[in-house]
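A quick write-up on the structure given underneath.
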Amino acid sequence: MRGSQSLESQSQVSKEENLRLSIEKLVHGGYGLAHHRDKVVLVRFAAPRELVDVEVIQEKKDYSEAYVKDVILSSASRREAPCPYFGVCGGCQLQHVDYNTQVESKESILLETLQRIGKIREVPLGEAIQSGQEFGYRVRVQFKVKNGKLGFYRWDEHEIVDIEHCPIAHPRINELIKPLKECVKYIRELQEIHVTYSPSEDKFLVKFVTPTEIDREFLGNLKRDCLPEDVVGVGDYSRLRTILNRRFWIGKEYLFIDVGKWKFRVSSDSFFQVNWTLWESFIRAVSDVDPFRKAIDLHCGVGFFTIPLSEKGNFIEGSDSNPWAINDAEYNAKLNNRDNVVFIKSDAYRHLKNRGGEVLDLVVLDPPRSGLERKEIDLLVNNQPERIVYISCNPATLARDLKALLKGGYRLEQVKLVDMFPQTYHIESVSYLRVQA
């Protein structure tokens, strides 16, 4: 017993202890991976293959967490972060690493996750779809507000870093920060401000999130006096956990967004992909399928993938549980003259269940971070659509779901990283599956 206690104590790293560590690679969360006395140390702001002095800030049972104090031998991939708030603001984790290394590291994390959790020995990894720009790509931004500050949370804290500029936001959103800060002065208990921008129209929609209702006339005056004319609509919202509830809206409720030859109406409460520099290449990736007779697109949103996919087949049906998104999708089908597309308000499970027994050539999946529900996987396996395109924003749940689908009779033809969120650790991907012959 004494010996085991001694070994355990040797592996412990005291908080605020300084260590010199060799960083092996980047891992999930944007951390650099190192080892000390056979224990994992996750290091903030480290780059792969460098020697650093770190300070330990958290001691957990299975690992320690630390941050870089000094770089002793710098990685070839290390660079100066362009953002003055980097290292304090929690919005980005990877600005100190060059873009190619970010993409390579995310591919490695995706590959390792599919092998470890999905038990997929040979992962057919395709060429990564890189962002058209590594900065200025976000057209949707959620600002946090507290005590007069507007910005983003610190890393692992609920304290707000007050900002004047965000390099990953579209430049036009950055121009809006100053007038938004004027609004902060006048709205009591303001918690969040959500901004959506259309590069096609050069117009904005803005949501104000508060625990108590804003006076309608007051908000109308604020829109007129504090915000530029490019802000065509504003709304008052409350938040219940992860759900925003609209109280009222003033002005235009939607924007139009052009993606190549396609045009989409996007309402204030509909979802749209945040990275405008990836819109066309993402659509091409998802539409890279054989011609089909009948397909369904689950979690379809405003028809971002459904409508372009309709060119490849005789008939496609999209579904979403968001009524705003379905209204937009139906409008967008007419706007783009697609008469072989139908949209229905439904969750993924009910849509799959209602199509049970039908011959489906293609199913497109774009679930939330939690991935597919087990009952949805069972329906897919039972119905056996010939092909599945699975869009994922979480490698861990993707790996879990792919494991079940492969066991249920599918083979994985290819997986591609889609770098939707440069400078952050978030990983988006698209996987192509085909039923086993």
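Note that Cβ sites are derived from N, Cα and C of the backbone, with glycine treated the same way.
Annotations in TrEMBL come from automatic prediction, not curation.
A quick note: this is a predicted structure, and the numbers were derived from the prediction, not measured.
TrEMBL lists 10-70 with the feature domain 'TRAM'. Residues or ranges marked as S-adenosyl-L-methionine binding site by TrEMBL: Q273, D320, D366. Per TrEMBL, the feature active site, nucleophile maps to C393. The active site annotation in TrEMBL covers C393.
Overlay of TrEMBL feature records on the structure.
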| residue | record | Cβ within 10 Å |
| --- | --- | --- |
| Q273 | S-adenosyl-L-methionine binding site | 19 |
| D320 | S-adenosyl-L-methionine binding site | 28 |
| D366 | S-adenosyl-L-methionine binding site | 21 |
| C393 | active site, nucleophile | 18 |
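Of all the binding-site residues listed here (Q273, D320, D366), D366 has the Cα closest to the Cα of C393 (active site, nucleophile).
Surrounding the centroid of the Cβ atoms of Q273, D320, D366, where the record places S-adenosyl-L-methionine, the chain contributes additional residues within 8 Å, namely F271, H299, C300, G301, V302, F304, F305, A325, I391. Across the domain 'TRAM' (10-70), DSSP helix (H, G, I), strand (E, B) and coil residues number 2 helix, 39 strand, 20 coil. Note on the domain 'TRAM' (10-70): mean pLDDT across this stretch is 90.
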